[in-house]
Amino acid sequence: MAKESKPRQNSTRHPGTVDTVKGRAGRILAKGNKDATYETQQEAETAVLVAVPDKRQANARTQEYLDELAFLAETAGATVTQRFVQRLDKPDIRTFVGEGKLEEIKAYVQHSKASMVIFDDDLSPSQLRNLEAELKVKIVDRSLLIIDIFASRAKSATAQTQVELAQYQYLLPRLTGLWTHLDKQRGGGVAQRGPGETEIETDRRVVRDRISFLKERLKDLDKQSQTQRKSRTGMVRVALVGYTNVGKSTIMNLLSRADVFAENKLFATVDSTVRKVVLDTVPFLLSDTVGFIRKLPTRLIESFKSTLDEIREADLLVHVVDISHPSFEEHIAVVNDTLKDIQAADKPMLLVFNKIDQYNPEAETEHHGGFDEMNEDEDEDAPAPRPSLEQLKATYMAKLHDPVIFISAKDRENIDELRALLVRHVAALSPNSWYTPASDTGYSAE
Ligand SMILES: Nc1nc2c(ncn2[C@@H]2O[C@H](COP(=O)(O)OP(=O)(O)OP(=O)(O)O)[C@@H](O)[C@H]2O)c(=O)[nH]1
Ligand SMILES: [Mg+2]
């Protein structure tokens, strides 16, 4: 969104820094700030996924996590061709997976000519280096994949600066590892060496400078948006929050007739959007925010501080849940934990269970066939049958102290009830609460 005015490309406060670093950054980050850190955007990228769950994790859960990782990989533009699972109490300190599994992955990568291997966890700089040396393809960990998607989605100056900061913060401790990797990417042979320590040290300094510069720039942008927020005082502020891909932007569009980008990909929204909405003569500000995900890189949360301020400063949170997702309860927990992390957990909240049109109690957790032969320790823990929607409604309405509503944003089901619920809560929070509903707008979840 165009909330902030664009900063000038070259700040006079740091003359030369940007240009000097740009040369370097171009060398380190495959596509610079606009696109991806690695070129996961390219066509014909094929990816192999690797998960190392602990031994207690149910197989269905492991597969769900891999489904999510595959969705992330696809969102970043890669086609997933294989999944590997190794159950370990603790990941291998050197190569994350054990020796045997590594050989298996290596054989597959060589045979299939996969262009990258994606790990569902974060790798230490040395694990990254070792894996790269063994597998000789791009190694991407969960943080990098998410940062990469954010990078391709960020539109506003703030979001772009936040992403770039996260990219450099990710890069700094891994500088050595990435070098050899990028040398190979540039077409150098195996014998070609990375740069010497001096060069790496110079790069570290350049990256550190860039990090300080970006932090300064964010402070400036933050001041601008604070000023904007001040000018909007007096109105109740409502923020849509939730796991990624649950329908926040779709609901935003429904309620505000805005035109916010919504699609079936993870992190369609990285910029926050604020709209003034008037429902039943009650005005309020509604913001659509970046979705959460399990294991959201802490660095990314930190660097997205300004975007998250929209949530922190809200008077009311509308927590949207995709009830058709098999892991929706875990998603609720992830969102609540993330809200705690950003000190926004104690706000009044409405819980909106979306996608009831897609809820299917009969549906089993779907897994892609054809991958299972690679998974060891196949345990036969079938997913527990899902309760009916009616049972879920009854449970959640009784269990939660927050108001709960079940809707389908797609089929416009229960949207009037959602509006009425919002009006009542916003009116109650309004500083001069003159509003009294014409009739009892008690909502029903039917
Ligand atoms: N079946 C169904 N699909 C829905 C519903 N609401 C939204 N969707 C779809 O779910 C996908 C994600 O919707 P978005 O509105 O982009 O979700 P979001 O929460 O903003 O996602 P991020 O910005 O990625 O965090 C889109 O393909 C929507 O069309 C619904 O009620 N039922
Ligand atoms: Mg969105």
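Every residue, even glycine, has its Cβ placed from backbone N, Cα and C.
What TrEMBL says about a protein is an automatic prediction, not a curated fact.
Fair warning: this is a prediction, and the values are worked out from it, not measured in the lab.
Residues or ranges marked as domain 'Hflx-type G' in TrEMBL: 236-430. Taken from TrEMBL, the feature GTP binding site applies to 242-249, 267-271, 288-291, 354-357, 408-410. The Mg(2+) binding site annotation in TrEMBL covers Ser249, Thr269. Residues annotated as region 'Disordered' in TrEMBL: 363-386. The feature compositional bias 'Acidic residues' is assigned by TrEMBL to 373-382.
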Binding-site residues near ligand 2 among Asn245, Lys248, Asp271, Val290, Ser408 (Cβ under 6 Å): Lys248
Cα-to-Cα gap, Thr269 (Mg(2+) binding site) vs Val290 (GTP binding site), nearest whole Å: 5
Rounded Cα-Cα span from Ser249 (Mg(2+) binding site) to Lys355 (GTP binding site), Å: 13
Other C-beta atoms that fall within 10 angstroms of the C-beta of Ser408 (GTP binding site): 20
Those binding-site residues of Ala268, Asp271, Ser408 having Cα within 10 angstroms of Ser249 (Mg(2+) binding site): Ala268
Most Cβ neighbours inside 10 Å, all chains, among the binding-site residues Lys248, Lys355: Lys248
Ala268, Val290 as binding-site residues, winner by CB count within 10 A: Val290
